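Participant: A single structure is presented below for examination.
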Amino acid sequence: MNIAVLPNSPDTAPQIADPLDHLADKLFHSMGSDGVYARTALYESIVERLAALITSHREAGTEALRFPPVMSRAQLEKSGYLKSFPNLLGCVCGLHGTEREINAAVSRFDAGGDWTTSLSPADLVLSPAACYPVYPIAASRGPLPKGGLRFDVAADCFRREPSKHLDRLQSFRMREYVCIGTPDDVSDFRERWMVRAQAIARDLGLTFRVDYASDPFFGRVGQMKAVSQKQQQLKFELLIPLRSEEQPTACMSFNYHREHFGTTWGIQDANGEPAHTGCVAFGMDRLAVAMFHTHGTDLSAWPAKVRDILGLQPHVAAGAHGEGWR
C-alpha cells in the first residue's frame, strides 16, 4: 500500500529566508505583530531625507496637508472603499457602554474571558491611503478654479495584510501629490509626475521599471475591476526588483480615478462638470527598505551622488549603527 508523505505542518516546516530578512535587525524591532514594527534611528533618518527630497520637487501652487492616522468612517464609506477593499479595512472600536457594562468587560478579561465581545465600532477608521480625506475638504470649497487644485498630503496608513515581508507592512507611511480638475489637468499632472518620479528613482541609484497595474480589488467582481483598470491604463507603478524581476515591489504609483471622487463628493471643475482626480503615491517605507537593500546599511558606503542628494554628511565620529550621519 502506498503511504502519502505529508508536508511539514506550518509549525514545523522550515522557514524560507526572504531576501530582505538581512535588514530586519538593523532597521526594525518586533512589536509582537507581523508588519508592525518599531523603527530605528538609522531607518528613520532615511525616511525623513526621502520625504525632504520629495518635498523639494513639490510644484508651485500645491497646498500641503498632513492627516492623522484615522479618518471619518462615514467619509470612507461614502468614498466607496468598502465596495472595493473591505478585507483591508481596519476599524477603530471601543468600550462604549455604561460604567456597569464596561466594568463587566474588564471583569471578563481578569477572569480570562473574551472582553472583546463588548467592543463596538467608533465613528473612525484607520486611514488606508493618504488621499481619502482631501476630497471632502476640496468639495467644501465650492467649484474649482481654472487649472484645478493640487495637494501634497501624507499620513500614517493601515491595511490589514499581515506579512513577515519587510516590504509589506500593515502600518506604513504614504506621501501623495493629488490633482483635482479637468481630465486634461489630471492627465498632464500624472504625465509630469511619472517623468519626475523616475528621475528621482534614478538619482537614488535604484533599479526599476514602470508598468501598468491594478489595485487589489476584493472578490470575483474585484477581478473584473482589475482587468478594466489595466485595460484603461488608469494605474501605473514604479516597480523595484527587491526579490526578483518576476516579483518586483511597487514603491510608487500613478493613479487616475476619472470622475469617481468628483461625482461622489459633488466637486465641480471650472466648466461645471464633475471634477476628475489623480494622484502620485510614494510608499515611504518601501522606498526606505529599497534604499537599504540596494546600498546597504552602512551609510558611509553609499554612492557619493546618493549621499549628496539626500544631504548625508559624515559626522566626525560616525556611530556603529550609522547614527553619526545626519
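Keep in mind that glycine also has a Cβ here, set from the backbone N, Cα and C atoms.
Below are the features I grabbed from Swiss-Prot:
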- Cys131, Glu176, Cys279: Zn(2+) binding site (BINDING)
- Arg159, Glu161, Arg168, Leu169, Lys235, Ala250, Cys251, Met252, Ser253, Arg286: ATP binding site (BINDING)
- Glu176: L-alpha-amino acid binding site (BINDING)
Participant: How long is the line from the C-alpha of Cys131 (Zn(2+) binding site) to the C-alpha of Cys251 (ATP binding site), rounded to the nearest angstrom?
Facilitator: 16
Participant: So, three-state DSSP: helix, strand or coil for Arg168 (ATP binding site)?
Facilitator: coil
Participant: Cα within 10 Å of Cys279 (Zn(2+) binding site) is the criterion; apply it to the binding-site residues Arg159, Arg168, Cys251, Ser253 and give the hits in sequence order.
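Facilitator: Near Cys279 (Zn(2+) binding site) by Cα: Ser253.
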Participant: Of the residues named as ATP binders, Arg159, Glu161, Arg168, Leu169, Lys235, Ala250, Cys251, Met252, Ser253, Arg286, how far apart in Å are the Cα atoms of the most distant pair?
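Facilitator: The widest Cα-Cα gap among those binding residues is 21 Å.
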Participant: State the three-class DSSP label for Cys131 (Zn(2+) binding site), counting H, G and I as helix, E and B as strand, and everything else as coil.
Facilitator: coil
Participant: Where does Arg159 (ATP binding site) sit in DSSP terms: helix, strand, or coil?
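Facilitator: Arg159 (ATP binding site) sits in coil per DSSP, no helix or strand.
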Participant: Can you tell me how many other Cβ atoms are located within 10 Å of the Cβ belonging to Cys131 (Zn(2+) binding site)?
Facilitator: 25
